[in-house]
């Protein structure tokens, strides 16, 4: 049964219940999930917690941590999801990683500000399975970009392995 997780999602929410819900939804799609309860812990996990502007240690930070997407609550004590979004987008190592903001409050000006400042999407809580399904295109794009940075070749025909088709090395060349 042990198919390896294809994508790694960093989930950030100060609410234990919401964190467990998003973790369970993400794992339904076989995503690897790292869940933390604050923006500062997310920055610490990413290695961006030094406190000054662009504190990247090297240009392969995203590849090293292996995070393909960050999903964060908007309303959190200390650092909001918006603040976290801004820090990630200012980082040369992590700026290409999609960030999705979640909130239980439907405030159009807040949603627009997040999207204008680089959020890939904005989900209203409670997050649904259909919302998580919308993450796949963002994950595929990021996964592909990280592999390029690592020097891996991408399969241009199928960025995510399709288990129903034989792999290229199993096909006979005619």
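Counting begins at 1 with the first residue displayed.
Cβ from N, Cα, C; glycine included.
The domain 'Response regulatory' annotation in TrEMBL covers 8-140. Per TrEMBL, the feature 4-aspartylphosphate maps to 73.
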Mean predicted confidence [pLDDT] for the domain 'Response regulatory' (8-140): 90
Close in space, distant in sequence - residue 73 (4-aspartylphosphate), Cβ under 8 Å, 6 or more apart: 12, 13, 14, 15, 18, 81, 101, 102, 103, 125
Counts by DSSP class (helix H/G/I, strand E/B, coil) across the domain 'Response regulatory' (8-140): 55 helix, 24 strand, 54 coil
